[in-house]
Amino acid sequence: MKGRFKTFAAALVATCAITAIPANADNHAGPSMADLMNDANSHGDVLTYGMGPWQQRYSALNKINTQTVKRLVPVYSASLGGEKQRGQESQPIVYDGTIYVTGSYSRLFAFDAKTGEKKWEYNARLPDGIMPCCDVVNRGAAIHGDKIIFSTLDAHLVALNRETGKVIWNKEIGDYKAGYSATAAPIIVKDMVVVGNSGGEFGVVGAVQARNVDTGELVWNRPVIEGHMGTLNGKDNGITGKTNATWEGDLWKTGGGATWLGGTYDPGTNLLYFGTGNPAPWNSHLRPGDNLYTSSTVAIDADTGKIKWHYQTTPHDGWDFDGVNEFIPFDATMNGKKMQLGAKADRNGYFYVLDRTDGKFIGAHKFVMQTTWADGIGKDGRPNFTKDGRPGAPNGAEKGKVVFSSPSFLGGKNWMPMAYSRDTELFYIPSNDWGMDIWNEPIAYKKGAAYLGAGFTIKPIADDHIGALRAMDPKTGKIVWEYKNPAPLWGGVLTTGGNLVFTGTPEGYLKAFDAKTGQEVWKFQTGSGVVGSPVTWEDGGEQYVAVMSGWGGAVPLWGGEVAKTFKDISQGGSLWVFKLYNE
Amino acid sequence: MTYGRRAFLGGLAASAGSLALPRMTQAAPLANVKELGVLRVGLYSGNRPWSYEEGGKVLGIDADIARAVADSFGVKTDLALFPADEEVSDDLRNVVWRGGLLGFRKCDVMFHVPFDRDFAAKEDQVVILAPYYRESFGAACSSGLPECEGTPTEFRGRRLAAELDSIPDFYLIGSFGGILRPDVTHYTTGFEAVAAIKDGRADLAVATDAQIESALAKAPGGDAKRRKGPLPAMLSPGWDVGIAVDEKSRSLGFAIEEEMDAMMASGRMAEIFSAHGVTWRPANAVQV
């Protein structure tokens, strides 16, 4: 107990020290590491994915507020052009009069922040043999000094000169021929670029890598499945977990756990928090045990790449409940005690609060309509699995028992990031209510040969909505308000000191809600579905809001009854920027 | 020998509800291939003995059949290797009817497609035809292993090998209460799993017949033998292998089928298989 308070005090000092550093006056040199760590408190720019290392997606700016938001009008719309439209899941970066956005097909654009005029565009040259499973999206870039850095579908990290768009370095982070790819926004910590990996293919193993931001050289690598050796400065740095503790045979070697959504960072504990994907193979009956560290959050020491703690949200996953969702640090007083916490809204439908210093379970609450696979999370942090909630094992040529499962494999929440308001002390979770029939196939075909697969069909579970933006009180687990949307929500959330919550809808709207009541106070039709993450900043005394529009991502690729809600939505690809109309 | 697959195919397509008569008279796709002088063929990468790359050349049974077919049309062959997606449905979408999202150009024909009534019924964008081989699973062992013909529970404690994410894999790790699970080592392909016996890394491998025969004949290393008896409780009785063309390219599909018919009748097909160490077995669908 004493130890925890000591850590807390140290973290507090560290945070204050960072806040005290003035913003870099010399813009030509570009943002420094201190600038990046201070991003949540600097209002003239947006330097990091999530607006600060904690990625709370909160800005104290309040010129745009529940009273003035009716005067919010577009300043410009900048098209990404070309035929390469599809899903635009990016979050803009704003620095020194320039907006940087990544686009579908691994492109990066620099626009004049005031006018929307294009400064330059970079198109990654991608091999045509990549067959991405879930659209050709990208979630954003990282900025540091003279560089703007993003990941590509062929699993490369590319650093460009932020003024010219010319390549400074380009490194492979995984072999795309073995199924690796990358779509997450990298984060920058201690002058290292930290990234996870994607891969839909069986055989991929999740890992987190840290690379020197100036050269792209690997500093450390940490595979997240037990049994794998990590490295630091080219030397072995310990095995993750204990080999064969929760996996039989050599299944850990190909155990899955892709870290495809990137992570968050807490300067106080110096820990990186990364979510890990579901285990392989699909049929859970073939891999008894918890299968660590899949469907988990792992806390990694930023200096050494060692795992300090782990917390598994879905032990022995059998429903495709990828645990990749963002773990967002926040501070709160609970039962009279000041706590260093973190929260995660998991695919499995539960919202978890943990002590971020040691991963200790604090509480978990349902944030979706229905969780059929478990009827709550026990005091020990393990789910109370529902009897018969798991799809059965195939029996010879017969498919395994079909079960109805909610949430569906696309999750109570998928990739789209939630936001935390320091004013209301609520989390705003973009969620979806949907279920699936799921079964283990006896025979399917892969590479033209027979194998055991899985089948599923996604179904709506409510008459009036699939998407739901929910305000969750992390202390009580109560849902304070909810907004229901006919089509699935698939975009990120922003909350502000103006008592506002912004998010987009597939129907094409960017919407603003009263952060306390959930009342819709503003909307604007962008012409295509909004699945990007909005941001806000101030320039010349005016507050701006920006978001990407362009329908796509994994949802349109899965049909069924859910597809009825978005079949008429047009694709697009443009950056929209708004400010208040002054009379 | 005559092959009655056309009659079978009629039933297959009719059951899928997609065989409209006017379509059959459209000769354009075959004419296009002849006019352009190139047959673009989609083949799996890393799928020895069927299709794989070595020293910059595309090798394998499927590659050789594709070349022979193109020769008979008097056109060049454009062999496009592509990576397997999660399921063959995804491969058909990427290779045959839509093309890859990142610029992988549609192929005129894709080889090594399961010729299966239920599967074909679900794939209404393509026509699956020309079944040219009957595939099934077997096992191979190091030459001194007495359990090779025994019941699988006797394999316990031996070094077992299988291709990752395949029926042989799930057979070994999932059957018999999972007692063999700790003994299984996974390889990227079935060929490699069998090759591991020859170079002393494994005692027993479960793989497809083609993988077993080709690795026993071609992989470097010492002696190994093929299990003669069937594997008890094997999850799949085997399947036919065919080709797929776009639903709008029936004329081309039929022309390829006719050529492959001729190759089977003349013994050319068996020769191609034999060059890769594999015994050609006609598909069940054509044994009328």
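Any Cβ shown, glycine's included, is placed from N, Cα and C.
Fair warning: this is a prediction, and the values are worked out from it, not measured in the lab.
Residues A:Glu89, A:Thr183, A:Asn414, A:Trp415 are given by TrEMBL as pyrroloquinoline quinone binders; from A:Arg139, A:Arg287, A:Arg356, A:Arg470, that same site also lists A:Arg139. TrEMBL names the disulfide partner of A:Cys133 among A:Cys16, A:Cys134 as A:Cys134. Listed in chain order, the extra residues whose Cβ falls within 8 Å of the Cβ center of the pyrroloquinoline quinone site residues A:Glu89, A:Arg139, A:Thr183, A:Asn414, A:Trp415 are A:Val137, A:Ala184, A:Leu261, A:Met416, A:Gly553. The residues of the domain 'Pyrrolo-quinoline quinone repeat' (A:488-545), classed with DSSP into helix (H, G, I), strand (E, B) and coil, number 0 helix, 30 strand, 28 coil. In sequence order, the recorded positions near chain B, meaning those of A:Cys133, A:Asp320, A:Asn414, A:Trp415 whose CB lies under 8 Å from a CB of that chain, are A:Cys133.
Shown are the recorded positions A:Glu89, A:Asp320; the one with the most C-beta atoms within 10 angstroms of its own C-beta is A:Glu89. Sequence-distant contacts (6 or more apart, same chain, Cβ under 8 Å) of A:Thr183 (pyrroloquinoline quinone binding site) comprise A:Glu89, A:Val137, A:Asn138, A:Arg139, A:Ser151, A:Leu153, A:Ser198, A:Trp260. Sequence-distant neighbours of A:Asn278 (Ca(2+) binding site) (same chain, 6+ apart, CB under 8 A from its CB) are A:Gly256, A:Gly257, A:Thr294, A:Ser295, A:Thr314, A:Asp317, A:Asp320, A:Phe321, A:Asp322, A:Gly323.
Candidate disulfide-bonded residues: A:Cys133, A:Cys134. Fewest other C-beta atoms within 10 angstroms, A:Cys133.
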